[in-house]
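**Q** I am attaching a structure below and will ask some questions about it afterwards.
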Ligand SMILES: *Cc1c(COP(=O)(O)O)cnc(C)c1O
């Protein structure tokens, strides 16, 4: 007999049913409007139903949905060329998700050493608190017991060092290490930015020891922190980088970017995907870049983000019993709570404001990147109301 709930019970879902989205707003089947400061989880980078993205997707849908990677796909070539133009990278491989972009990144690093006479260099060093996805390799990379438990042996070759601990990292990188894999700002881990100076030192450790630097910018990338990619704040470049979430703005896709040298082992037949780089995804990705690369877009984001974070700091001063700290960069902000972060998320939701919980007792604010100053103020007003009610109990 079928059980009552046909879905896997892997999510504790909030009983809200959203039917439509308009910009930063989500509208339920009952017509209630919620201010969306989660944007999926940093996914809907241009809000909901952005007209330029809707045009791009529907225009492509009328022409051609799918092509195998057996054939040339012009949308892929165009998007890859544009990404190469604005980043450190020379090469791109398109995937369907963030975890797959990480899988490609890990395979790229190992294969580089394999074909260059160092097949024993397979190790990947990551940081505690990291999140790199839910595939068997990426849960091993994240190293968190809660995601590994019960899923068989942890994939070999992944070692974690404490967050930001340079001595431990230096000791962990050996002549068996293919790469150091880190998020410039840990997302799921609780909006924990790596200090730019630490990131520069990690780059140097990799260079000194001949290992590759792999960045996971699945959450922090595509303008989220106010630069196109978060590592730009530190003035360094990686050898390989995984990107997803914001690049598709809600259409599921990711991309692994690499230098020509790092990607030298990824020759014909070594890797592949059925759907990765699908024409629909590429149409959306190119449209997302049209908007985000527009002159002044990131400057405006920075201004709105500054106003939002200043407002949060004022809230922290007013509610020291609820807010311990405000951190993050651009529109990737975290409120470190003094009470349970789940209670704070609920209090905000009671004010029709959506936020996302994270590790380290943090509430994440990841609004659409085209948030206006008025919308930021509206969000702050709702947070203030929620915190006031929590204080009164
Ligand atoms: C979301 C996320 C992933 C995994 O992406 P999926 O699309 O869920 O596979 C990997 N790394 C980081 C930093 C993420 O935030």
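The chain as shown is numbered from 1 upward.
Each Cβ is built from the backbone N, Cα and C atoms, and glycine gets one as well.
Unlike curated records, TrEMBL annotations are generated automatically.
According to TrEMBL, the pyridoxal 5'-phosphate binding site annotation covers 98, 99, 131, 216, 217, 218, 219, 274. According to TrEMBL, the N(2)-acetyl-L-ornithine binding site annotation covers 134, 273. Positions annotated as N6-(pyridoxal phosphate)lysine by TrEMBL: 245.
A description of the local structural setting of each listed feature is requested, covering burial, neighbours and distances.
**A** Counting only residues at least six positions away in the same chain, the Cβ atoms of 98, 102, 105, 130, 132, 181, 182, 183, 241, 242 sit under 8 Å from the Cβ of residue 216 (pyridoxal 5'-phosphate binding site).
Taking all protein chains in view, 14 other C-beta atoms sit within 10 angstroms of the C-beta of residue 134 (N(2)-acetyl-L-ornithine binding site). In the three-state DSSP scheme, residue 134 (N(2)-acetyl-L-ornithine binding site) is classed as coil.
Around residue 245 (N6-(pyridoxal phosphate)lysine), the C-beta neighbours below 8 angstroms that are at least 6 residues distant in the chain are 40, 41, 42, 43, 45, 98, 218, 219, 221, 222, 254.
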**Q** What's the most sparsely packed of the binding-site residues 99, 218, counting other C-beta atoms within 10 A?
**A** 99
**Q** Which binding-site residues from the set 217, 273, 274 come near ligand 1, judged by a Cβ under 6 Å from any of its atoms?
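**A** Going through 217, 273, 274 in sequence order, none turns out to be close to ligand 1.
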**Q** Which residues, sitting 6 or more apart from residue 273 (N(2)-acetyl-L-ornithine binding site) on the same chain, put a CB under 8 Å from its CB?
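**A** Once residues fewer than 6 apart are set aside, residue 273 (N(2)-acetyl-L-ornithine binding site) is near 69, 94, 95, 96, 100.
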**Q** What number of additional C-beta atoms lies within 10 angstroms of the C-beta atom of residue 274 (pyridoxal 5'-phosphate binding site)?
**A** 9
**Q** Looking at Cβ-Cβ distances, which residues of the chain lie under 8 angstroms from residue 217 (pyridoxal 5'-phosphate binding site) while being 6 or more apart from it?
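**A** 183, 184, 229, 230, 231, 241, 242, 243 - these are the non-local Cβ neighbours of residue 217 (pyridoxal 5'-phosphate binding site), listed in sequence order.
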**Q** Just to confirm: which same-chain residues, 6+ apart in sequence, have a Cβ under 8 Å from the Cβ of residue 131 (pyridoxal 5'-phosphate binding site)?
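**A** 142, 144, 183, 186, 187, 188, 189 - these are the non-local Cβ neighbours of residue 131 (pyridoxal 5'-phosphate binding site), listed in sequence order.
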